[in-house]
Structures are given as structure tokens and as C-alpha cells.
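Asker: One structure coming up, written as C-alpha cells, with questions to follow.
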Amino acid sequence: MKYNLPILIILLISFISFVNSVDLVSEEVPYLYSIIQKVNDTKLNIPNIETIICSGVFFGSRCNSNGNLESLTLRSTTNEILSWSDFNGFTKLYYLYMAEVSVDQNFAYFPIPSIGYLSIHNKLYFEFDKVLPKYDNVYINFQGEGINSHMNIKASYLKDVTSFTVLGAICDIEIDGDQSGNKLSSLFFNTKNIPDVSSLSFLRTLSFNLGNDFNQSSLVNILSFSKLTYIGMGFSNSNPLNFPTEFSNIINPMWGTIYFTQGNWGPPADYIDLSNSNQTLVSFSLKNAGKKFNINGNFPFSKLPTGTCSNFIVENGNFSTLPDLSIFQRAQQFSLSNSEIGGNLPSVKDTLQKSAFTQTATLSNNKLTGSIDESWCSISLDVSNNLLSGSLPDCYYCYLQDPTYQRRLVGNNFSNYNLTSTCNDGQINVYKFLNLSSTRVTLIGKNIGTNLDNIVTYPEIKFSSNNLNDSFSGYFSVASNQYDIIQIRFLIPGINFTVSIAGNAPQIDTIIQNNATFEITGQYYSYDKSVVNVKIGNNDCIVKSTTFYKIICDINYPIVDYGNKSFTVMVEDKSTTTYFNLIHTPVPCKNPTCNSNGICNDHMGVCACFKEWTSEDCLIPIHNVTNSTKVPVESGGAIKLYGWFGDIHLGISVSFNGVSSLIDSINSNTIYAQIGKGFGFVKTEVTQNGITWSGLINPYLQPENGYCNETTKQCTCNNKWTSLDNEICTIPYHYVSSSSKVPSTSGGNISISGFFGDVHKYFQFSFDNEIIPINSIDNETIVISIPPGVGLKNIEIIQNNITWSGSIYPYSESTINCLNNCSGNGNCNSNGECKCNSGFIGLDCLTKDVGESKPPTETKVNPDGTTTIINEDTVYLIYIDSIAEIDLNNNQVPNSLINLKSGWKITNTTNNLTGSGSLISTFSQIVNNATIIMTIENIESNNGKEFTFAGNQFTVSKDGFKLSLSVSNWNYKSNLNTLQIQMSSDISTTEGKINNCIDSEHTNVETSPNSNNLQNVNYLKISKNGKTLYGRFQDKMLSDGRPTTTITKIISKDDKKVLISLDMPHCNQCLLDPDFSVIINSDFKSSDSCGKENKKPWLIPVAVTVPVVGCALIIAAFMLRKKIHSNKILLNKFGGK
């Protein structure tokens, strides 16, 4: 390492020394000649040297005004050994610089009294073994035999030396004893051990070079560098040295400069944090970082000082990409040149542009790609010799004639790298001067560059700083208040500007009108359109261009307010008003009325169309879309586009995200079209009359878990979701919709189905009032193990601090009872359905089949969705009465009961007699956003029709009908609530068809379960006027596609009506499947056979099946039977005669 500080000091003294005309005092002349002869300094060994030495001709040598030698520079060409006796005659000699000399061993210890600066390039080696006398500076550079020798120097030997440098030899500084009186402030040396300098309280400058095989354990002594203001460090070892992380571990150091010289730096153990130096570090230099100085290819610094850092240099490194440039916000200059950096050059809008001052960034000789955007305009950027391309922004392009800009940009592939480029005052602009004091000003403009010397002004301004945001600061050579305007010239590219500095109000000299365009000449305007406003009467004149002397502006068409009008020009906050005769010259339009869609601009003779119209006669609508209806995300569908479309629709087309749409119809305000499934915003294009409107609409119903209530400004969650703390509408509002079953005698694993979400915090499951473990859980299913048992069981599920409670029937019966045990006339199968012996029919095989000799039964589906069954004088009217939501306490939720009977609309009728032998009628209605669909299917096949439901099979015979009810997307008010369907059978007697053979009877209602463990209505018997209605309700249903238990109950009954409820769980889709039949007993007498002895049994089967999808119920076949004798089936009698 080479240190030239003492040389520079002596040379500087020579440069600024006074050229002395005196000769060297006679007493010192013999000593001067003696020394010159002894060292044979060829430059000084000339005649009459005593008359020249004081003149300042020889660098490093000078005299005081009395002719005493104060500074002497010698270069020896001999091996003569010098001692202080050779200099005794110089009484004022302070600076002594000697090169290639030989001095005796004690030369440094016994100087003449006047010496303060001693600099020796010595051929002979000597050691420092005692305390040196007082020196301001000692500089020893061993040559010859002293090179690479090793010495130890005790710090106490240097206590009276202010600055000490020893080079050539390897020197270890030993910190010995108390150093409180040590005045050493600067230390330069080569060493194998870094000393602990914490006890050298005056030491501020430390520079050292680590030789081969230095003691790496001494790196810990870097922690003692906290009071140093200058640190110089290098090493000459061929093996890499990992960058010392100790620099990051010092608290509040006083560093001003850290300078790393030669070395082969390896990766640091961790990212380097220099924020500990806070406001002090102003310069950091690592010019030979090395190919291994990185962390996995990344820039190894995490933080820089928070104070202003004038220089930060890390060059000749190896970094794969640029670091986050915000790290350099406090660096006035930074350089990462020649460091293999690749990737795109980023924008600095959010990083360096936030710096408080103009910066210089050197990124030359790398592999950067991409282009330079305008965010770099306020930064002096050097990106020479990279791989950049694209177009240079004007702030660089306009100055390519400047060699400085050329050097910074050369070696890339810019498309507009034109060294003869020129720009106009639209690309470069000067806005104003800020008069900061009587002499100091700031120039503000656009693309004014970064070269202070490129701007020349009159009167002269010496620009001294390049600020951020296109501004320069400088000083007048005289007080600025002597001038009111400044002439400015940009030498490159040769553009002139005139700017006001005195803040004068704008001056209006002339105004020229050309139809709606006005040219205003005068002075004290601005080149910045944003600060210039022109108003004519009550109308704004839009500024198109402006300079210091001229403004061009346009007034809106048509000019209807003409005559003598005020004319005001405002520049920033200063304005001037005059008066002007506004001229209006009519030019007729081809279509004077512009089709009532515009106004004739009689200045130009063309129609000025209103904003919704175009074409020369304003006949073509400029259409737009303002809003739309919503469709489901999963299906899409018919959509209405609202907006303005006019009455002419030539070439009309609509597309959503580039997909053409089928247009159903269009009028001036609405387009009826079709859109596919999707979500979120959709790019929508509507083309007609050669004009395309394009924009974004949101046509889909919000598929998320809730919506923002615009009134409360709070999130309202959908009924399957709730909020917990900061988890907004993401916590599942869980519920159970069904459960599987296990044998009552063995128990086992059952599946609890419903909605449980993916978040199960604080989960707890209770079965039959006891907490039990679970086997598994997912979004829809919980698997548990239960013991043997019977009947209804309570369950409770707690998760996410939310509790759901309810009941399930988890046990299956080994047998299912048939009605009346098939009356001994048939066999009961595993589904609880009688298979009658030949000659018997009915749900309980009680009635004899007598063929066709029976009164006819008329079955009719009515337009209002009811079904009528008539046999002689007995009439049954069957219909779905209502739907209601039921709470946890089995109470009807207020305002949830909805009448369904009167709301049906028939949507379709299909005759399928040649296929399955049925006639199908479909009805629908929408209630509170829930869709309800009812389908009634009449069975005409002689063999009936078989159905399968929840694993059970049943048959609807000829002349029967199946009624299906679908309820979808019910919006529950609570996840604890369930649904209840209410079905009614009205019973009446038809006048004119009275059967006199039958005594008038009251209506009798009886019920029966098919399991001894469930209090359920599985069979229903309604008797009236000798006819009996049988109903069968299965104890299974499908909840969201899974079998589970359902309960049927009688709500109310009288002689005219029976109202039945079917209870369902909390479900999205439910399906129930009861069936009904009407029969006539074998001893029934028809009205025309009254008094006859023969008694003919008749069966009139009419089957009704009602599945409910969403919340669905199934009602099946009615059987009507005569009730004359007391041949009744007693089924858990509720009442009646």
C-alpha cells in the first residue's frame, strides 16, 4: 500500500508559497552545499543554489521572509549516511522530505529543535525501540534492506507523535500500559495483527494493510474502531478474506470514511448493516470487491447509514441483480460498476425519487437490460456498456450532443441514440425562477438536464447545485433585484428562453381572434401551461401553447356570448384584464337542426353534437354501457345491459371477454343478451354503426362469503359464514343436515353430514349429552363412533366459539312394520311395503279386487297447482299449503311462514304417454330468492310405475299421480333453523251426488308408525262418507343427497281438513317421499245399487308422490274405501267417530 499524504502536503505548500526574492541566509549556505554534495541531489546540485532555493522553483523547498530554510526536499543518489549534525545549521527547518536516503539508527530520536514534519524513504533498516520526540508527522518508508522486515512498536513510543506512518516493513503495534497521555491521532502501517485501539483516545485516522498469514483472530479488534473517523483497510493475501461483520456490530461509531483498498474479499457471514453509523459515515469505498463478495449472488448490504452519505462505492463485484435501490436514498453518489449485474433496470419512482437531493448513480459495465424510464431524469446516471435498449426519455435524448451524456450512455442498444439529436421547447421547458434572496435563485423547468455548465444566462448566474425535480440553484454575480427578466440559453441543444424573476403581472399588448382561436402577445407569461389561465367574459379559453411573449388559446364552440367582453390573463397569482370585442361570424351547417342532437357551430359550419351523438349531422348515437343486471357465476344466463344505444343499430354486436354474445333484443336504453358463466369484472364491447364501446362491467352475483353493506359500511356475511375477531366472513357458520345409521344392537361408525368449513378452532363434539372424540372431520362430514341404542339423540358441535345443537336418529331398525301386517292377505317386505296375495289390493291388502265394477274416480290437476280427486259425493283437494322456517325450540320463526297455494305459475306440460305412460305438469314460483318448483306426474300405464327413493322401492299404480316439490337456495336466518313443509287435504261432499245408501258420517283420522322406536306418522287413514284415504310416509329422506330420518306429524284436523307437517333438517337440497291411495271397501254400496243384496268390492287407486329437492317432500297414492261396517284398522287413533 502506498500513502502519499505527506508528499501531497509538502507539494501543496510549494504551490501556495510566496515566491520569495530573498537569498538563503549566509549561515545556512554551507550546510545546504554540504548536504547536496553528500547525497548528490542532481536537481539541487547547481551553481548559486543559495539564490534560487528560496524562490519556490523547487517543489517542497521554501524559505521564510528572512531567508531561513523552512522546507527542504532531498533525493539521494549515494549511500552516504545522514545524521542530524548535517542539519544543525538550519534553525527554522520544519518540513524535511528525503527520498532514497540512508540515515543512521537514531536519526528519528534526536532531531534539530525546529523539525515538525519528517518524511524519509530510507534504504537502511532500523527499529523503533524507544519513545520518539515530539513530531507533528513522522513518515518512514523502508526500502532496500528494510523491505518486508518485521518490527514491533509499542504505542507508548508514539505518545508525542501526532501522525505516524511506517511502510515497507511489517509492523505490529503493541498497546502497552496506560495510554491516557498518548496524543497519536493518525496511524498508517502494514501489519499482521489488528491492534485494539480503544485506549488511544485521540486516534481518529487508522489505515493498515494486512499481509500474508495475518492473525485472523485479531479481526475482533475492529470492535475498538468506534471513535475513528477515517478507516483504511486492505490485505494482500491471495486467499479470500470474508468481509468482517464486526463493522455491523459497533454501536454509534464516529466513522466519516471507510476505504477498502486492494484485497480479495469473500462473502460476509451475514448481510452487512451500516445503519449503526447513523449520521456520521459520509464515504464508503470498496473498489475491488471481488467475485465472491456476495451472499448467494445478492448484494450483501442490508442497510446503509440513515444520514447523508456523499459516496458509496462497491465496484468490481459479482451480483446477479440490482439490490432494492431504496437502500441508496441517502447516498449522494453511489457506484456498482463492473459487477456482472443483470436483469431489467427498474423504475426509481418509489425509491431514489424520494431522495432529498440529486444523486449520481454509476451502473456502468454491467449486464443490465430493459430501458430507462423518466423516473431517472433527476439522477446523473452512468449506464455505459450494458445491454439496455428502447427509447431514451427526452431528459437524456435532448443532450446526446454533450460528451458527458455520451460517455454515460455509450455501449447500449438505444433506438434513438442519435449524437446529432435536437429538441424543441416542447421537450425542454423553463417554467420560472424562484428568487430566494437578493442574489440566490432557483431555476425550475422540465427536462433541463443535469449539467450545470450547459446553461448560460444573462445576467450571469453561477449555478452551483443540481436539485431534484428538474431545478438548478445558483447565485447572481450582482443583486438580482436589478433585473426583472432573465435570458437563458441551453448550449445543447441550442434553445433560448426568457423568464421573469421580478414577479410582474402579465402584460397584454395585442389580441388576434381567428374564429375560436386567440393569439395574445405581450410579456411576463410562462412556458408552463398549468399556471396560465385565460378567460373571455364568462368563458374559459383553453391554453394550447404559451411562451414568455405569446399565448394561444381556444374558446369552446359555439360562441354565442359575443360583443365587448372582459379579457383576463392570469399567470400564477398575477392577472391583467382588458376588454375585447368578441366577433361572431355565422357559417350555416348542412343540416341546420343537427337532427336535434347537437348545435350548429356557425363559426365552422359543422354540427357540434351533444356527447351522446356523432357524425356530421349528429345522427349516429355514441353508445355506452352504464350498468347491468346480475347472473349466477356458475351458469351465467340472460343479462340486461343498461345505457344509451339510440335508435340506429347497424352491425350490432356484443362480446364479453372476447366471446360473442347472442343478442335477444335492443332498444335505446337496454340490450338483452346472453353471457356465459364466470366471475369478477368482464371486458365488454358493444359495436354498432361502426363505433365500438369498450369497458368493464361486473355482471355476476357476488360469489364471496358476504357483501359490503353500503349503509352501515360493514360486511354482511352470507348465512353459511360469520366473522370472528379480524376473520371477516371466513368462519364457517356450521350446521348438520343429515346422518347415516348403524344397527341399534351393535352401534358403530356414523357420518354426520352438513357444512363445517375448513376452520375448526376449539372443536368439541357431544353425543347424547356426553363429549366424545371424533374419528375425522372435513368440510362436509364428521365421522364418530356411537354405542348401541335406540331413538332420538341430542348432539352438540362447538367450533370457532360457535355452538350448533340439534337431534338425530342414528339407529336403524332390523325390521320395518307394514300397515296392519298386510291383514293376513299378503307378505311384508324389508321396505315395509305389502305384497298382496292374488285377489287383494291396497296398502294393507284388506280390499278384494273386483275388477271394473266400481264407481269411477275423477282425478284432475288444476291450473292453480292443486289436485282434485272425486268419487261420487266425496271430494279430496290435495295441495302444498305453505313453507316455514323452524327454530331450535321448534317454534316458527317470525315472518317466515309463506303461503304457497296461491302463487303457482304453470310453466310446462308434457305428454309422455307413449314412453313411460305419464302426463307431466310443471309449476314454479320464487319466494325470497328461493326457487320452488312443483311437478305433478299422472301415471296412465296399466302396469303402474316403479320408483326408488333413499334405497326403498315403491309402485304408483295406474290412474295415480306423483307430486314433486323442489325448494332451492333457502336463505336461513340462523344455522340452527330447519324447514317445515305443510300439506293439506281438504274433504268435502259434492251436492247433487249424495249417496243415500250411506249415512252421513263424521271425518275420522287415524295414524300408525312403522317402528316402535319413533313417534312418527308413517301411515295416515282419513275416513269420510264410506270412503277411506290412506297415506304412507316413509321415515327416510334425502338431505343434500344423503339419506337421513324425517318426521311427519298432524298439525290439525277437523271434519273438513287435515293439515300435515313434514319436518326437515337444515339443508340446501332435501327430498321426501310419502305416497297416498284412495280405495272403496268391498261391502260399499253405490248410489244406484242401494237396496240390492249383492255387495261388490271396488278399488280405485290414485297415487300421489311428492319429492322435494332443496327442501322436498313426497306424497304418494290415495285410496278411497267405503266405511259402512266397523271393519276398521285401528292405527294409534287420534280421534273421530
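The backbone N, Cα and C atoms fix where each Cβ goes, glycine too.
Remember, TrEMBL labels are computer predictions, not curated facts.
In case it helps, TrEMBL gives these features for our protein:
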{"type": "DISULFID", "residues": "Cys818-Cys828", "note": "disulfide bond"}
{"type": "DISULFID", "residues": "Cys836-Cys845", "note": "disulfide bond"}
{"type": "DOMAIN", "residues": "814-846", "note": "domain 'EGF-like'"}
{"type": "SIGNAL", "residues": "1-21", "note": "signal peptide"}
{"type": "TRANSMEM", "residues": "1098-1120", "note": "transmembrane segment"}
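For each listed feature, how buried is it and what is near it?
Answerer: Neighbour density for Cys836 (disulfide bond): within 10 A of its CB lie 19 other CB atoms from the protein chains shown. DSSP assigns Cys836 (disulfide bond) to a strand segment in the three-state reduction.
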Asker: Using DSSP and three states only, what is Cys828 (disulfide bond)?
Answerer: strand
Asker: Using C-alpha atoms only, work out the spacing between Cys828 (disulfide bond) and Cys836 (disulfide bond) and round it to an integer in Å.
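Answerer: On Cα coordinates alone, these residues lie 9 Å apart.
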Asker: For Cys845 (disulfide bond), what residues in its own chain, 6 or more apart in sequence, show a Cβ-Cβ distance under 8 Å?
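Answerer: Counting only residues 6 or more apart in sequence, the Cβ neighbours of Cys845 (disulfide bond) under 8 Å are Cys822, Ser823, Gly824, Asn825, Gly826, Cys834, Cys836, Asn837.
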Asker: Ranking the disulfide-bonded residues Cys818, Cys828 by other Cβ atoms within 10 Å, which is at the bottom?
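Answerer: Ranked by other Cβ atoms within 10 Å, the disulfide-bonded residues Cys818, Cys828 bottom out at Cys828.
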